[in-house]
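Chemist: Pasting a structure below so you can have a look.
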Amino acid sequence: MAHRGPPSAPKRPGPTAPDRSFQALLPPCWPRSWPLLLLLLVLVAACGAMGRSPQPGRQGPGVQITRLLPAGRTESGDRKDPQARESEPSVPGLGPGSASGPSTDGAPAPGKGRRARAVPVAGAASASRAQVSLISTSFVLKGDATHNQAMVHWTGENSSVILILTKYYHADMGKVLESSLWRSSDFGTTYTKLTLQPGVTTVIDNFYICPANKRKIILVSSSLGDREQSLFLSTDEGATFQKYPVPFLVEMLLFHPKEEDKVLAYTKDSKLYVSSDLGKKWTLLQERVTKDHVFWAVSGVDDDPNLVHVEAQDLSGGYRYYTCLIYNCSAQPHIAPFSGPIDRGSLTVQDEYIFLKATSTNRTKYYVSYRRSDFVLMKLPKYALPKDLQIISTDEQQVFVAVQEWNQVDTYNLYQSDLRGVRYSLVLENVRSSRQAEENVVIDILEVRGVKGVFLANQKVDGKVTTVITYNKGRDWDYLRPPSTDMNGKPTNCQPPDCYLHLHLRWADNPYVSGTVHTKDTAPGLIMGAGNLGSQLVEYKEEMYITSDCGHTWRQVFEEEHHVLYLDHGGVIAAIKDTSIPLKILKFSVDEGHTWSTHNFTSTSVFVDGLLSEPGDETLVMTVFGHISFRSDWELVKVDFRPSFPRQCGEDDYSSWDLTDLQGDHCIMGQQRSYRKRKSTSWCVKGRSFTSALTSRVCKCRDSDFLCDYGFERSSSSESTANKCSANFWFNPLSPPEDCVLGQTYTSSLGYRKVVSNVCEGGVDLQQSPVQLQCPLQAPRGLQVSIRGEAVAVRPREDVLFVVRQEQGDVLTTKYQVDLGDGFKAMYVNLTLTGEPIRHHYESPGIYRVSVRAENMAGHDEAVLFVQVNSPLQALYLEVVPVIGVNQEVNLTAVLLPLNPNLTVFYWWIGHSLQPLLSLDNSVTTKFTDAGDVRVTVQAACGNSVLQDSRLVRVLDQFQVVPLRFSRELDTFNPNTPEWREDVGLVVTRLLSKETSIPEELLVTVVKPGLPTIADLYVLLPLPRPTRKRSLTSDKRLAAVQQALNSHRISFILRGGLRILVELRDTDTGPQRPGGSGGYWAVVVLFVIGLFAVGAFILYKFKRKRPGRTVYAQMHNEKEQEMTSPVSHSEDAQSTMQGNHSGVVLSINSREMHSYLVG
């Protein structure tokens, strides 16, 4: 389980000589709180396409730029014939001309500016709009022509300082060989190259900016031999630096988010150090630390700001989650908030939540801690069976996760949590995903910034990718409405439901750049992205579309993708074409993309590597980074829009717009929200103090403010039931929670819960009057005894830690009788409550039967563990028919998951016998000579690996079997796991009992392995009474079952409201067993009215004629005849037969019997 942030770039081999065709390495993991955010722009040499920035136009604090040699370009490229290098056509909708720069060829002298006047769209602008005036200033970083990477930091916050670090990174050596540090104090008009050590060559690998005080900067330098490193510290935005040596090799630094002088250092040998004086002195905190899994305390959540969360390797080689305070980490032992080992790289600390995962016996479990409480299992739908889980969002006290379920390959399902992040409900299926370098996963979902609750996602169904949008955090999703006309005013002929707008959210071929959808917190409702119109998303189509009302209406603005930058809270939109050829045209809009103008930001076409503005998008100054040719120096062009906006905006310069969804509903997330935007006729600056949110009004609650609670699914059968939530077949809402204590009460869910961040009040309350139930005294259930480490084979005299767990039932009043099999017996209380293991060791080799019996006034449970004591498989499941007849052969099958290709020995224990049956096959056949409950236990041993499972079998004299089948749709949702089959059987039993009033203990439904999904229903007879040899009640029960099945009244709900029908199965269509030694036998018995004695005599003779096969026939009534007919059953699961009657009961009429006899 990992966070969704951009991964580190892989190292690629490069030439030994200086070359710019290197793949940049993204700097170490940068938390969201860091001001130095790196923008990696990759120019892909293979295809000649310019890479896209992680967030094009992302104001920075820091940007890393890599320039590569595009296809078709020569290294000798120079500034000759710029017109030949740029032949960008005029864009429809743009002005008929552009403001021209100096007519002389070549770049201006450093710091020399040019003033230009942009021409707007003809007929679309007022007279004042023709006065757009921009100032472009170009500066060349002389002497850095060989440098192939650049990192940029714009301090912001009323500061005019910009720092640029250029460096030559050698891919083969994996290190920086040359570097230059440049500083500007006038918003990028001029730059000064800094000399850190006069007369000494200094190589800077990286620099880090303190988020709590951006004036404080740390440079990390190294010698060419990588044998020593130094830090250069500045407290005045890089005006001066002081050098301090460090006794280790720095891999990454991590500033404290609130306290400006505290910083963590992760070293190349996986050690973690801390400094409280801005890197002057260091203290070792922890060794064997996992990279990128170190976290400072979260303000407002962790009690002490000096706390550090760490994932580290312990002495045994496993990984643990530790916390410690930086002042006494070495003096006191570390605290382990999670008791057991965790998976490497799984620890994530994010806002109020901590996530981790732990895998044992080939099963992965995901845990969450809310506000540093105890870790609990994340409750996904029972049969989601996740293969992977990615954290999408944790804001607004709610968790969004993407889960790849057992039957998914390149898609994930999106789930939304409750407040504590424990219980999850499905909100969107089949979100497209791609796995990138270093096994990082990219999920095609994007949170629209600036408007809470709005998400875009690309859904992949049947190979088609379509874009959907939600305004209420996933409760409802809609397609994007297409514009009626294109950018030239021509009809698009795109009509729903056959045609919609689809957007590229993320690019699968480059994980180090962001998607092409641009949103900003400072510009709510403004979304600009690349995509196409049609029935699905087309990868090679990158037309640019924009919306200024948060996705309600869209307009096409360009035919090709552009780099986009928002300035002054979206008051100005700047765009530069994303292309591999040099250019000099900047397009911009001052009216939210309705009209566009062009500006020549430089006289000579340049290869654009990136765009940057001051952090916060609050100014009207931007910088274009590029280079004239492959061997030229870096060129920075400052574009200043401030002359066009001479005054600060006032209240009369704004108009308001109301947020609505695609249905025109104003109440979104429980409130009506209005925002301010600048009027198109107002030429003014919004400024730093501008706030877009205008008003909000709380709405009354409606059905649409609620979604289905955990364990429930929304029906999709009809519009009238579209908002109805029904319990899933595996979920019983009346069952008390596992932590329900006697004397307390619990709330039974009605199937609905309000979205956590929804603020509606009054109105409809689907959660009203929840059922308050008293916690009953629960009998112990799910009792387990195991050896810590999940093994059942140990060495003699080795300490063994027995762990007893109880999944359900009261623990305070339960007593536990423990027998370790070698003479040690003891009685415990609170054994499962304390979690303390039982320490023991065995002196002699052998097999020991360890048993634990838990008992209270409500009932008891027993767990058995056979311990093999020798010197020390994975998942094991024992499949056995739960009901069998006396002296009837039954097949016991041990299912190993995964199947072990090596030789495996199976040990079978039946009853309390200590002498097992041994087999090399995973199945054995046996008989039970006496009626009663018999426990069957199997162990699978392969080398020193031993696992076991146990089942209870009911051995009876008489019972009846009814074959069942299900709707074909169930096969699609059948993961073919024993637990799934067991749950389906339980729900069928419960439904039949409710419909027929037959006690559940007299009905047992067994779902068979494999496809198609079929089952057998076992109808048990009541206990025999001395005064009656035969009970007519059994006939009535059977008739009631048949009537309920024939009338199609037995069904249950699957995901999406799919209803599964349970019916009688035609035994002729069931799977056949080759050989037929253990199946049902076809026998027809005629019940002749008035000739009962003759019928009984015939039955008796038939039974005597076929020894070893018994038939039981019952008289039903005069209007209906019954016959019993055993038929052959499937190879993969033993269908049981009763001792004195056959395994299938069929009710037929005279015509059916005649057809059967004749056929």
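Every residue number used here counts from 1 along the chain in the order it is shown.
The backbone N, Cα and C atoms fix where each Cβ goes, glycine too.
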Chemist: Which one is it, CYS649, CYS725, CYS740, CYS760, that Swiss-Prot ties to CYS684 with a disulfide?
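Modeler: As annotated by Swiss-Prot, the paired cysteine is CYS649.
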Chemist: Could you tell me which of CYS699, CYS701, CYS725 is bonded to CYS708 by a disulfide, according to Swiss-Prot?
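Modeler: Going by Swiss-Prot, CYS708 is disulfide-bonded to CYS725.
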Chemist: Swiss-Prot annotates one residue of ASN328, ASN1140 as N-linked glycosylation site; which residue is it?
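Modeler: Swiss-Prot records N-linked glycosylation site at ASN328.
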Chemist: For CYS775, what is the disulfide-bonded cysteine listed in Swiss-Prot, choosing from CYS701, CYS740?
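Modeler: Within the candidate set CYS701, CYS740, Swiss-Prot assigns the bond with CYS775 to CYS740.
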Chemist: Going along the chain, which residues at least six beyond the ends of the repeat 'BNR 1' (182-193) come within the CB cut-off of under 8 Å?
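Modeler: Apart from its flanks, the repeat 'BNR 1' (182-193) reaches 110-111, 113, 137, 139, 141, 143, 160-166, 238-239, 614, 621, 623, 636, 638, 640.
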Chemist: By a simple count of other Cβ atoms within 10 Å, which of ASN362, ASN600, ASN891, the glycosylation sites in the record, is least packed?
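Modeler: Checked ASN362, ASN600, ASN891; of these glycosylation sites, fewest Cβ neighbours within 10 Å: ASN362.
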Chemist: Of these glycosylation sites, ASN328, ASN830, which scores lowest on Cβ atoms within 10 Å?
Modeler: ASN328
Chemist: For the domain 'PKD' (786-876), give the DSSP counts of helix residues, strand residues and coil residues.
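Modeler: Output for the domain 'PKD' (786-876) reads 4 helix, 51 strand, 36 coil.
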Chemist: Take every residue in the domain 'PKD' (786-876), average their pLDDT values, and give the whole-number result.
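Modeler: On average, pLDDT over the domain 'PKD' (786-876) sits at 86.
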Chemist: Calculate the distance in Å between the alpha carbons (Cα) of ASN362 (N-linked glycosylation site) and ASN891 (N-linked glycosylation site), and round it to a whole number.
Modeler: 26
Chemist: Measuring Cα to Cα, tell me the gap between ASN830 (N-linked glycosylation site) and ASN328 (N-linked glycosylation site) in whole angstrom.
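Modeler: For ASN830 (N-linked glycosylation site) versus ASN328 (N-linked glycosylation site), the Cα atoms are 35 Å apart.
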Chemist: Just to verify a number: CA distance, ASN158 (N-linked glycosylation site) to ASN600 (N-linked glycosylation site), in angstrom, no decimals.
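Modeler: Distance (Cα to Cα, whole Å): 28 Å.
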Chemist: What Cα-Cα separation, expressed in whole Å, is found between ASN328 (N-linked glycosylation site) and ASN600 (N-linked glycosylation site)?
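Modeler: Counting only the Cα atoms, the answer is 60 Å.
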Chemist: Can you tell me the CA-to-CA distance separating ASN600 (N-linked glycosylation site) and ASN891 (N-linked glycosylation site), as a whole number of Å?
Modeler: 83
